[in-house]
Each structure stands twice: as C-alpha cells, then as structure tokens.
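S.K.: This is the structure, below, for whatever I ask next.
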Amino acid sequence: MEGALSFFSPSPFSSNRSNLCLPKKPLSQFSSSRASIPKVSPLARSSKRTRKPDVRISPKTAERSRISRPLDSEKINIQKLNAEVSPHRAVSAVRLLRIEQGGAFADLLNEKGRKAAENEMSYVERTLGFRTRDLDDRDIRLVTDVVGGSVRWRRYLDHLIMSLCNKERMFTDMEPLLLQILRIGFFEILKLGMPPYAVVDENVKLAKAALRPGAGNLVNAVLRKLVSLKEKDSLPLPTLEGDDRAQARALAVIHSHPVWMVRRWTKFLGQEEAVRLMNWNNSDPCFSLRVNTAKGFKRVDLVNRLEDLMVPYELSSCMDDFVRIHTGMQIVIQAGLLKDGICSVQDESAGLVVSVVGPQPGDAIIDCCAAPGGKTLFMASCLRGKGTVMAIDINRGRLRILKEACKLLNVTNVVTTTHADLRLYAEKHNVKVDKVLLDAPCSGTGVLSKRADLRWNRQLEDLEQLKHLQDELLDAASMLVKPGGILVYSTCSIDPEENEERVAAFLQRHPEFVVHPVHPYVPPDFITDKGFLFSNPVKHRMDGSFAARLVRSLDYPC
C-alpha cells in the first residue's frame with residue numbers, strides 16, 4: 001500500500017489494494033433529512049418519522065418573492081445554519097457514521113482541499129438537517145485527528161462508554177449518531193487532551209441540536225463521569241491476568257485491536273513485540289513523498305519547496321528519491337505539489353518493492369494488480385522513456401485514475417493499461433516479458449497506522465480466502481514471465497502465511513522458479529535470512545511490506 005490520502009476521499013496516489021478482494025459492506029440507506037437520525041429514546045436504535053414534503057416554488061413565484069422580500073432566501077439559509085455547534089465535531093460525527101456504515105474511508109489527507117470540505121458540510125446538512133460555519137484549516141486538521149483517532153481507538157472507547165452507561169443495554173441499543181458523539185468526546189478528553197469542560201459543553205450542544213435535549217443530557221452525564229474517573233486515575237480498564245486468551249482480550253481493549261490479531265501477533269512475535277506493533281498502529285502516521293524524476297525534478301527541488309513552505313522533513317535513509325514528513329501534509333497539498341506533478345505520496349516500503357523489481361531502461365514489465373498505480377508510476381519513471389509497463393487491473397475505475405496520474409507525471413509514453421482479471425488474461429494471452437510484479441491483495445496488516453478502519457474490516461477467516469487468491473494470482477503471473485525473467489511477489493502484510501509461506505507453496509508447484517536474493521537491490525537491514533525483502537513497521541518506522549524476487553530458469557520450456 002503506497003499511502004492513504006484523505007479523510008474525505010481516496011487519492012489517485014494512494015493504494016487501497018488490501019480492499020480489492022474483500023469489499024466493505026454497502027452504505028446503509030441514509031435519509032437526506034433529520035429523520036435518518038430519529039429523535040427517540042437513546043435505547044432505541046431506529047424508528048420511523050413522517051417526513052415533511054418538499055416545498056417546491058415556481059421560478060416566477062421565486063422571482064416575485066425576491067423582489068418583494070429580498071431577505072427571504074437569506075432567512076432560509078440562516079435557519080439552516082447552526083452557529084453554536086462546533087464544525088469539526090459535526091463533520092466528524094457524520095463522517096464516523098458513514099465509515100461505520102461502509103460508505104466512507106478513514107483516510108487522512110486530501111488533495112481536493114476546500115471543495116472536499118464543502119462536500120463534507122453537505123453531508124452534515126443532509127444527515128443532521130442543519131449546517132455549521134465552514135471548516136477552516138484548523139477544523140480540517142481536527143477532523144483528521146478526531147476521525148482517524150476515534151476509528152483507531154474504537155474498541156478502547158466503546159469499552160469505557162459501555163462501562164460508564166448505567167446498563168449494558170443502554171450501550172448496545174444506543175443510536176448510532178449518539179454513539180459517535182460519545183466516541184468523539186471520549187477521544188478528545190482521553191487522547192487529545194482537550195480541556196474537559198469545553199469538550200463536554202460542545203458535544204452536549206451537538207447532541208441537543210442533532211438529536212434532542214434528552215440526548216444532550218445523557219452526553220453531559222456520561223462525559224462528566226468520565227472526567228471524574230480520569231482525574232482520579234481510575235478508568236475501568238481490564239488488567240493483564242489469567243490465561244493467554246484472557247490476556248489477549250485485555251490487550252485488545254487497552255490497545256484497541258481485534259482479539260484475533262492480538263492472539264496471532266502474540267503467537268508469532270511474542271507479547272512484548274506485539275504491544276510495540278499495536279502502539280505503532282495507533283500512532284500518528286508518517287508520510288513519504290517521492291519526487292517525480294520523470295518530469296525532470298530532483299530531490300533537492302522537492303526539499304527546496306518544503307523549506308519554502310516551512311514544512312519539516314527528513315531525507316529517506318534508504319531511498320534516494322524519497323523525503324519523509326511527519327506534519328504539514330495539508331500544506332503540501334494546498335501548495336499544489338501533488339497537483340503539479342512535482343511529487344507523489346508513496347511510502348518508502350512501496351519504493352523498496354520497486355527496487356526489488358529493478359526496472360531498467362528498455363525493460364518490458366507487467367504490473368499485475370496495478371491500480372491505482374503507485375508502483376506502476378515509479379517503475380515507469382525508472383525506465384526514462386525507454387521500455388514499457390503494462391498495468392493490469394480488474395477495477396476499471398481505478399485504472400482510469402491511473403491513466404490520469406500517468407498524464408500528470410508525464411509517463412504516458414511507457415505505460416499502457418489493461419482491464420482484465422489476471423487469471424483469465426494469463427490463460428488467453430501468450431505474453432512473456434522481462435519482469436512481472438504481483439503486488440497481491442492481502443490483509444493489509446502492515447499499513448494499519450495509515451488505514452485506521454482496516455483493522456475492523458478484517459476477520460481471521462479472511463486470511464484463508466486471501467491465501468487462496470494469492471496462490472491463484474501467483475500461478476497466473478508466472479505464466480507471463482519469459483525464461484530468465486523475473487517475478488516479484490509482494491504484499492503490504494506482515495503475516496508469514498501471506499508472505500514466506502505463499503512463496504514456499506509456489507516454489508513447490510513451480511520448480512522452474514528459484515529465489516533470487518534481494519541483496520543487490522535493497523539495504524541489508526531489510527533483508528531476511530531467506531533473501532526476501534521485509535520492512536518492519538516498528539523497527540524501520542515505515543509501512544510493513546514483503547517482497548520475494550524469483551527468477552525463471554532458462555532450462556524449463558514455457
């Protein structure tokens with residue numbers, strides 16, 4: 001996964017590859033009026049209200065109204081505007097509601113800027129029945145923090161909310177919007193360290209305006225109880241005791257991860273390392289920028305622009321074309337560095353995978369599961385106008401995004417796109433190329449710091465389906481490699497069953513391939529004992545990734 005751009009919408013330069021095979025559940029049918037969040041008891045999850053009919057005014061009547069009462073339209077807008085409700089909390093609540101229903105991502109950045117902020121406010125108006133003042137830059141940063149944080153810490157927050165409710169059923173039957181408001185309040189108090197009195201007051205206002213006075217009273221009581229317990233350092237959190245299962249359940253609450261992930265990581269890594277990994281996943285993500293050499297830019301050009309913008313940065317220690325930034329991504333976006341094609345957002349781990357492929361001018365390359373194309377674009381820039389990259393993907397819409405990115409980054413002369421299922425394409429076409437990259441759909445456990453919602457959209461059972469798909473795709477990709485050619489298998493997973501075990505199973509089925517150690521292509525700190533690439537999120541401070549470089553023997557017929 002090359003990056004995750006936008007708490008508003010996925011970026012053309014981000015990769016949600018781990019979602020390709022197991023999509024989210026569909027968005028629930030939200031009404032465009034306040035009836036979609038009914039004003040009923042907090043113990044009721046939903047109910048039906050009579051919806052007011054739309055009032056339609058003819059153009060002539062409207063024109064007469066403007067002449068006789070020029071302020072009427074302004075009065076209507078004023079009635080919809082609620083100046084007392086905090087903009088970032090209203091947007092965050094509705095955004096969290098949409099994420100939970102499967103209709104939005106919790107990504108962290110956005111290159112659409114003010115337009116996207118306006119879109120978010122329109123969701124607020126349609127869902128809550130009113131709008132707040134417009135989001136300013138500070139509000140946008142707060143929405144990013146609150147949405148991403150509330151999603152990451154969901155299990156932790158829900159445990160505390162349920163503990164502070166008088167009855168467990170009060171939590172289990174709570175209206176979705178009311179639950180999001182409480183999550184926001186708990187996160188702001190416990191993780192952002194905002195002044196408690198302000199958090200209580202502002203979230204009570206939101207609950208009263210969006211739901212009803214009684215909902216505001218409940219928010220007030222629960223948040224005040226939380227503040228009291230926090231001041232006494234007596235939050236009702238589980239303790240690490242009992243057998244392995246009990247300890248895994250406790251760790252899952254304390255560090256807000258699914259229990260199955262905690263048990264799995266404890267088994268593979270040990271409890272201490274598993275805790276470090278969960279802490280990394282819950283930390284604010286760091287982003288990397290790759291300079292676009294295909295348009296003639298050098299890393300020094302990007303560095304000079306960052307310095308002009310006063311954005312702190314550090315040079316990548318493992319990739320010459322990359323720069324890391326911990327803060328200031330919104331500044332980079334607003335300054336047009338992405339839109340102008342100066343750079344792309346791409347994690348260094350993704351860059352290391354491209355290094356393992358080793359694209360050289362004149363190479364014929366196929367990127368098998370290419371869209372939205374971060375690795376395709378990097379490989380294309382390495383060709384320096386000589387050679388080809390065929391990008392194959394099953395998602396036509398994501399290929400359109402890739403085509404637009406190719407124009408922006410000036411690599412259309414070497415990139416072609418093919419809409420196809422790789423498995424069918426390999427059977428029907430007798431194509432053999434120098435190098436093939438299969439960046440396979442996977443669990444995405446290496447990118448959980450950037451993909452805040454992904455941990456809740458994965459089940460242990462998904463791994464079996466993914467492993468079967470990975471095997472099928474590897475078999476298909478191998479058919480496209482010429483004798484003496486290279487096949488690179490990569491994932492953004494840290495799970496051995498999706499990585500080393502898939503390669504071992506493939507080699508048993510395909511004795512014509514052998515492992516080609518990656519020592520000449522990446523720094524030694526990233527190389528495993530078996531000659532594979534592996535980036536460890538905790539150790540290397542970047543996304544987790546895996547890559548194996550396999551060479552096809554000249555002695556086996558195609």
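Every residue, even glycine, has its Cβ placed from backbone N, Cα and C.
I grabbed these lines from TrEMBL:
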REGION    24-66  region 'Disordered'
COMPBIAS  52-66  compositional bias 'Basic and acidic residues'
DOMAIN    277-553  domain 'SAM-dependent MTase RsmB/NOP-type'
BINDING   C369, A370, A371, P372, G373, G374, K375, D393, D421, D439  S-adenosyl-L-methionine binding site
ACT_SITE  C492  active site, nucleophile
S.K.: Measuring Cα to Cα, how far is D421 (S-adenosyl-L-methionine binding site) from the residue listed as 'active site, nucleophile' in Å?
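M.R.: For D421 (S-adenosyl-L-methionine binding site) versus the residue listed as 'active site, nucleophile', the Cα atoms are 21 Å apart.
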S.K.: Taking the residues C369, A370, A371, P372, G373, G374, K375, D393, D421, D439, which the record names as binding S-adenosyl-L-methionine, find the longest CA to CA distance and state it in Å to the nearest whole number.
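M.R.: Overall maximum Cα spacing for these binding residues reaches 19 Å.
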S.K.: At the level of the C-alpha atoms, what whole-angstrom distance separates C369 (S-adenosyl-L-methionine binding site) and C492 (active site, nucleophile)?
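M.R.: On Cα coordinates alone, these residues lie 13 Å apart.
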S.K.: Which one of these recorded positions, C369, A371, C492, has the sparsest Cβ neighbourhood, judged by other Cβ atoms within 10 angstroms?
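M.R.: Each of the recorded positions C369, A371, C492 was scored; lowest Cβ tally within 10 Å is C369.
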S.K.: Just to verify a number: CA distance, G373 (S-adenosyl-L-methionine binding site) to C492 (active site, nucleophile), in angstrom, no decimals.
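M.R.: About 15 Å separates the two Cα atoms.
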S.K.: Just to verify a number: CA distance, A371 (S-adenosyl-L-methionine binding site) to C492 (active site, nucleophile), in angstrom, no decimals.
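M.R.: So the alpha carbons of A371 (S-adenosyl-L-methionine binding site) and C492 (active site, nucleophile) sit roughly 15 Å from each other.
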S.K.: Reported as an integer number of Å, what is the Cα distance between K375 (S-adenosyl-L-methionine binding site) and C492 (active site, nucleophile)?
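M.R.: With distance taken Cα to Cα, C492 (active site, nucleophile) is 13 Å from K375 (S-adenosyl-L-methionine binding site).
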S.K.: Between 0 and 100, where does the mean pLDDT of the domain 'SAM-dependent MTase RsmB/NOP-type' (277-553) sit?
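M.R.: Average per-residue pLDDT within the domain 'SAM-dependent MTase RsmB/NOP-type' (277-553): 96.
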